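Student: Structure incoming, see below.
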Amino acid sequence: MNPQANLIFITSLLLGTTITISSNHWIMAWTGLEINTLAILPLISKSHHPRAIEAATKYFLTQAAASALVLFSSMTNAWHTGQWDITQLTHPTSCLILTSAIAMKLGLVPFHFWFPEVLQGSPLTTGLILSTAMKLPPMTLLYMTSSSLNPTLLTILAILSAALGGWMGLNQTQIRKILAFSSISHLGWMAIILVYNPKLTLLNFYLYAVMTTAVFLTLNTTKVLKLSTLLTAWTKAPSLNTMLLLTLLSLAGLPPLTGFLPKWLIIQELTKQDMAPAATLISLLSLLSLFFYLRLAYCTTITLPPHTTNHMKQWRTNKPTSTAIAILTTVSVMLLPASPMILTIV
């Protein structure tokens, strides 16, 4: 893609995100979401492959429907209460429609079907933007309206997301699809705590974004797209693959890695809110996603040559690992001891 065009699209993404995050008025938030959607479409379809065009079309249709629902929800609320302020969303029907709209924007179950398909049709760098930066504006809207939303509905959506995200990722061989289902499962954890402690939702989102960025950038460096290629990637960059193993286990939420921190805090908060059954259920459902993370981790490092794969071994690269990957993997693995400091900030 032309560098100037690329710069325009990336700048538009930043602009759209900034507008949505900093707005108080529903129309401005909607404008930011629309700018975001239009800016990411060329980045999804830039390879001109039929799969990429299909992904861009699916993304456009779902996001357009979700944006229309956001607008409809805010107009219904304004009609009944005379308020266009985002934090003043008080009408029950508007809250219900908004929850559906944001669930569609994020890819929460039962509006998740588009997300794995779109991620599979996108390049890894665009997939990274879709999994992290594109989820920030809808998360901000959820954060601002959290006091008005229905806790029962969000808990149901969250448990379904954790269940289906783990379950549907079990038999996947394409790494982008596995990461898409991983994202759906993590969104379940964010949604379940939203009403009770919105700051924990944001903390979970930030840590998820850091860990996912580390995984995507590592895969992009080793040029790995499916499990069979991952089996032979060890010979290409052994130290990078070792860190990928730890980052994947961190995403799974195993102690003593960073990914354990949000899960621990969310379970603690749910128990305080007398929601021990929900906490138990979502913890058990996270074992499903742990299975496919362990599968990825096994393919990353434990299948060492000589191994009977039909793929040619890859040449070892002497390129130095980028500073971004080094910083992100360190944060993804070693942040748990700093949790008291993080809690004072949050």
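Including glycine, each Cβ sits where the backbone N, Cα and C put it.
Remember, TrEMBL labels are computer predictions, not curated facts.
In case it's useful when we look at the structure, here is the feature table from TrEMBL:
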TRANSMEM  5-21  transmembrane segment
DOMAIN    23-288  domain 'NADH:quinone oxidoreductase/Mrp antiporter transmembrane'
TRANSMEM  56-76  transmembrane segment
TRANSMEM  96-115  transmembrane segment
TRANSMEM  152-171  transmembrane segment
TRANSMEM  178-196  transmembrane segment
TRANSMEM  202-219  transmembrane segment
TRANSMEM  240-261  transmembrane segment
TRANSMEM  281-304  transmembrane segment
DOMAIN    290-343  domain 'NADH dehydrogenase subunit 2 C-terminal'
TRANSMEM  325-345  transmembrane segment
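Describe the structural context of each listed feature in the structure shown, including burial, neighbouring residues and relevant distances.
Tutor: If one looks beyond the transmembrane segment (5-21) by at least 6 residues along the same chain, the residues whose Cβ comes under 8 Å of a Cβ in the stretch are 28-29, 31-40, 42-43, 129, 133-134, 136-137, 140-141.
Listed by sequence, the residues of this chain that lie at least six past the ends of the transmembrane segment (96-115) yet keep a Cβ under 8 A from its Cβ atoms are 33, 58-59, 61-63, 65-67, 69-70, 72-74, 76, 89, 130, 135, 138-139, 141-142, 145, 149-150, 153-154, 157-158, 160-161, 163-165, 180, 183-184, 187-188, 191.
Listed as Cβ neighbours of the transmembrane segment (178-196) (distance under 8 Å, sequence separation of 6 or more from its ends, same chain) are residues 106-109, 112, 115-116, 119-120, 127, 131, 135, 139, 142-143, 146-147, 149, 151, 154-155, 157-166, 168-169, 172, 204-205, 208, 212, 215-216, 251, 262-263, 266, 269-270, 273, 275, 278, 282, 285-286, 288-289, 292-293, 296.
Remote same-chain partners of the transmembrane segment (202-219), defined as residues 6 or more beyond its termini with a Cβ less than 8 Å from a stretch Cβ, comprise 124-125, 127-128, 131-133, 135-136, 139, 143, 175, 179, 182-183, 186, 189-190, 193, 225, 240-241, 243-244, 247-248, 250-251, 258-259, 261-262, 265-266, 322, 324-325, 328-329, 331-332, 335, 342, 346.
Tertiary neighbourhood of the transmembrane segment (240-261): same-chain residues 182, 186, 203, 207-208, 210-212, 214-215, 218-219, 221-222, 233-234, 286, 289-290, 293-294, 296-297, 300-301, 321, 325, 329, 331-337, 339, 342, selected by CB-CB distance under 8 Å and a gap of 6+ residues from either end.
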Student: Any residues 6+ beyond the ends of the transmembrane segment (281-304) with a Cβ under 8 Å from its own?
Tutor: 158-159, 162-163, 165-167, 169-170, 172, 175, 178, 181-182, 185, 188-189, 192, 227, 230-231, 233-234, 241-242, 244-245, 248-249, 251-254, 263, 267, 270
